[in-house]
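The domain 'ABC transporter' annotation in TrEMBL covers 98-358. Annotation source TrEMBL lists transmembrane segment at 464-485, 497-518, 539-563, 575-595, 602-624, 723-744.
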Amino acid sequence: MSGLLGKLSPSKRVTSNNDLPLFYVNQTSMEPQRCPRDTPRVSVTFAELLMNVEDARNDQSTTRRTLEMASPITSSASSFDTWTSAPASSLSSSPFVLSFNDLTYSVKSQKRFNPLACYGKSRNGSSVNTKILLNSISGEAHEGEMMAVLGASGSGKSTLIDALANRIAKDSLKGSITLNGEVLESRLQKVISAYVMQDDLLFPMLTVEETLMFSAEFRLPRSLSKKKKKARVQALIDQLGLRNAAKTVIGDEGHRGVSGGERRRVSIGIDIIHDPIILFLDEPTSGLDSTSAYMVIKVLQRIAQSGSIVIMSIHQPSYRIMGLLDKLIFLSRGNTVYSGSPTHLPQFFSEFEHPIPENENKTEFALDLIRELENSAEGTKTLVEFHKQWRAKQAPSYNNRNTNVTLKEAITASISRGKLVSGATNNTSNLTTSFQTFANPFWIEMIVIGKRAILNSRRQPELLAMRLGAVMVTGIILATMFTNLDNSPKGVQERLGFFAFAMSTTFYTCAEAIPVFLQERYIFMRETAYNAYRRSSYVLSQSIISIPALIFLSASFAATTFWAVGLAGGSSGFLFFYLTILASFWAGSSFVTFLSGVVSNVMLGFTVVVAILAYFLLFSGFFISRDRIPLYWIWFHYLSLVKYPYEGVLQNEFEDPTKCFVRGVQIFDNSPLGQVSEAMKLTLLKSMSGVLGINVTAETCVTTGIDILKQQGITDISKWNCLWITVAWGFFFRVLFYFTLLIGSKNKRR
């Protein structure tokens, strides 16, 4: 069969038995070139083209060739001839029709009380104003068509797209949304549709090809081989016109990358990798020049023609873009003022007694007129009413286009042609259960998330270097400040100060983790909104990949300070000190990660972290021992993350009962008597011995390490339990982080 297709010249068209052109193959670009709209044509999905890219590349007889498939075809020449001569209607897929009727959505906002306004009163006395964002919006979008929602800022464009894309809570949205006459369930819609946000939410240090490949690994099922996933990505790169930028990083303010138009096409590509039936886009041309905007819409036209429904909001399309659109909906303050084909715009406004001048841009004229009416006393009420009457007259022609194909039949036909490759099965007796919620098992998701995070980290080594530098500088300062501490009363105080500062430093240096998730927050929300991966996979993967860096930082800090300060315990003491530092880094990193899921601003996050860590240090037992903390604050002492590693390293240092820290005359060191001569101190000791009845000499051990622990109130938890509690705090905050993502990343309007 490939040999037969290879004989087709770049300009030769495949025709039906009625000698009407269907499509032709461009061997140079490897893309099917569509014939004019008024001719029958074969509906070839992107997935079908893509599944055969690999076969075309393996054909050594031709350099670049694409196989077109629209129904089961054998490799024989007779089968190919039969297919190319079949009527177009028999080859086209079962059509999809997305219908929405009387969509209404309103929000309540509180305002200051105004006695002249008729608002409802809330319990606190402020007035409550109900603002209608969508008011009885209806329409239809068909397979192979692009529908654009237009209007001024605040007209409700994005709200309508969100409503259709199931991004508004069902309790808040009134009306119905159906696909082929059947109500779309949320789980099914996540599988068969995709949503492209207005902002380009991409990892700046990944290349275009890597970005699309990671999307393929998330959205395409495990049953699809790595080779086929790569072929799918390569075909998508060609379809999006990104071949020259495939190896270029996305870039950001600090790194030069792809252009704005290319970024937008990449954003579209990551959401259509699984070949969805419905594609929603929120202002895909926003911020682009006219050429880039036209290229983006041209790409969307190809996607629609491959068998998808494309619905987008757009601010003010150019004349060339208007020529690509199939349907328009104009909104004004939540009301429909026009819906229909762009070709009917002149007739509509002519009947409204505001004819469009011959050389005037139709959309610009319509939008300007709508703005003028909005600023008038009556507003757009007359235009809204006129549109209802005009639509009523047009209703018969639109009703004739309704499909009689059930949703089950249409999806079955799409699956057989290669669409919906994100885990679809051939068993469509129950549409909701015939699709997997996630394309891959959680361990595959964890591997892909981890691989992406590691690649990002490798492209930004300065981040780890800065954190290592901060830890090493702190360690060197501590090592040189507390060098070779002796076993004297002053040495004891210096040890306490060293441990308190060292343990708190490990937590403070974890604050740099705040921007990490905040930068990924909206990428995470976009990817999980349509079940690219599980939230649990993200949390587990991020937790695991953070451990190697923590191990390295802990070893660097412990090795820099332990022997230089002269801490006790030898090798076993160093091991416990190192494990405690590691546990502190783990708990601190988990705590900061949890807070980054709660707050949404970097500066606010740093402020909260610094304040809470300061409270943790205050109640750790260093400034005031546990026995001296008031009862009404003792609960905070046990919640302090610094308490447990601090008590653990103190026990590691002072647990030896044979080690003495205060001998004989040293008991006077922290008193005014510490300034008297050595002979006077010995005399005072003899006097004390006579009074106490105990012989106290200059070498008598007065205070051991156990005594110091008792003075500090560290008697209730062993050092190993302190270590395990610190580790448990880390796991606890990771679980809280998961629930934060579960609750706070629904990405739906209320």
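Cβ from N, Cα, C; glycine included.
Explain the structural surroundings of these features, please.
If you look at the transmembrane segment (464-485), the same-chain residues 6 or more away from its ends with a CB under 8 A from one of its CBs are 457, 491, 494-495, 497-498, 501-502, 505, 509, 512, 549, 552-553, 556-557, 560-561, 564-566.
Among residues of the same chain six or more beyond the transmembrane segment (497-518), those with a C-beta under 8 A of the stretch's C-beta atoms are 463, 466-467, 470-471, 474, 478, 482, 485, 524, 542, 553, 557, 561, 565, 580-581, 584-585, 587-589, 591-593, 595-597, 599-602, 605-606, 609-610, 613, 616-617, 620, 622, 641-642, 645-646, 649-650, 653.
Taking Cβ pairs closer than 8 Å, the transmembrane segment (539-563) reaches residues 442, 445-447, 449-450, 453-454, 464, 467-468, 471-472, 474-476, 478-479, 498, 502, 506, 509, 517, 573-574, 577-578, 581-582, 585-586, 589-590, 593, 734, 737-738, 741 in its own chain, all 6 or more past its ends.
With a threshold of 8 Å between CB atoms, the same-chain residues lying at least 6 positions outside the transmembrane segment (575-595) that come near it are 502-503, 506-511, 513-514, 516-517, 542-543, 546-547, 550-551, 553-555, 557-558, 562, 567, 569, 605, 608-609, 612, 641, 645, 648-649, 652, 719, 722-723, 726-727, 729-734, 736-737, 740.
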